[in-house]
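Written below as structure tokens is the structure these notes are about.
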Amino acid sequence: MSSHSDEIEEEQISRIEKGKGKDCQGGIETVICTSPSIVCLTQKLIAEMIGTYFIVFSGCGVVVVNVLYGGTITFPGICVTWGLIVMVMIYSTGHISGAHFNPAVTVTFAIFRRFPWHQVPLYIGAQFAGSLLASLTLRLMFKVTPEAFFGTTPADSPARALVAEIIISFLLMFVISGVATDNRAVGELAGIAVGMTIMVNVFVAGPISGASMNPARSLGPALVMGVYKHIWVYIVGPVLGVISGGFVYNLIRFTDKPLRELTKSASFLRAVSPSHKGSSSKT
């Protein structure tokens, strides 16, 4: 029984790596997503771009409003806004694209064989496009002063900011792995869990690093505003943290496989099922 299940699991993982799976409506299995495949992939990319756009627009926008209008939002309000917009976009587009919204999350899913590598550059491009468009929108809407910069820069030491980014990004991916890729989890609550994680992370690390957790979230405003101070922190930190979070959850996931098999395959349990695929997100 166990051997047969393992064979099915490996076959499902192999199909994901080759870009094969259910079509857009969860029907016939064909290459990539078909009917036709290009249309389906385009829908995913549009969903990723729109989701990332509104996450950056809302999260960064509330920062600008808070500075320009005398602190009317307050720091707790900023934290809640980030958590809510991520949750809303997961439930809005997760069933279409998987709701990554984060290049580090996309790369991590690919590393652990949860996402086809050939779609990674396209997803990352869509995410950066969404962030750039949102940043341009905010610059056009508001007179953004240097004090109202809506990107991310270390409040003190770059080293402290880097450590903070690694830790909170680790937590983010650990939660995503638990609620969105483990069949034992309640998939319908994934959006709430991820949104609350974002909110808590902003509360804790916001005053230290700005709580990015997402290279696209930081690079978009940096490019639009021309502020690149310690931008490397917001690329290295989230990537290291997210990959580490996914790897650790994979190690502690219950399985009857020996540890050497887990570290060899580095796979996330089973292939993503339609009921869980829409919840695999982040900021």
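Glycine is treated like the rest: Cβ placed from N, Cα and C.
The N-acetylmethionine annotation in Swiss-Prot covers Met1, and the record cites similarity to another entry as its basis.
The transmembrane segment annotation in Swiss-Prot covers 45-65 (among others) and rests on sequence analysis.
Same-chain residues lying 6 or more positions outside the transmembrane segment (70-90) and placing a CB less than 8 Å from one of its CB atoms are 51, 54-55, 58-59, 62-63, 99, 101, 190-192, 194-200, 202-203, 206-207, 211, 278-279, 281-283. Marked as transmembrane segment by Swiss-Prot: 70-90 (among others).
The transmembrane segment feature in Swiss-Prot is assigned to 122-142 (among others).
Among residues of the same chain six or more beyond the transmembrane segment (161-181), those with a C-beta under 8 A of the stretch's C-beta atoms are 104-105, 108, 114, 154-155, 187, 189-190, 193-194, 197-198, 201, 204-205, 208-213, 230, 233-234, 236-246, 248-250, 268-269, 272, 276, 279-283. Taken from Swiss-Prot, the feature transmembrane segment covers 161-181 (among others).
The transmembrane segment annotation in Swiss-Prot covers 189-209 (among others), and the record cites sequence analysis as its basis.
For 231-251 (among others), the entry in Swiss-Prot reads transmembrane segment.
According to Swiss-Prot, the feature phosphoserine maps to Ser267, an assignment based on similarity to another entry.
Proximity of distant same-chain residues to the transmembrane segment (122-142), defined by a Cβ-Cβ separation under 8 Å and at least 6 residues beyond the stretch ends, is recorded for 41, 44-46, 48-57, 60-61, 64-65, 68, 97, 100-103, 106-107, 115, 148, 150, 216-217, 219-221, 223-225.
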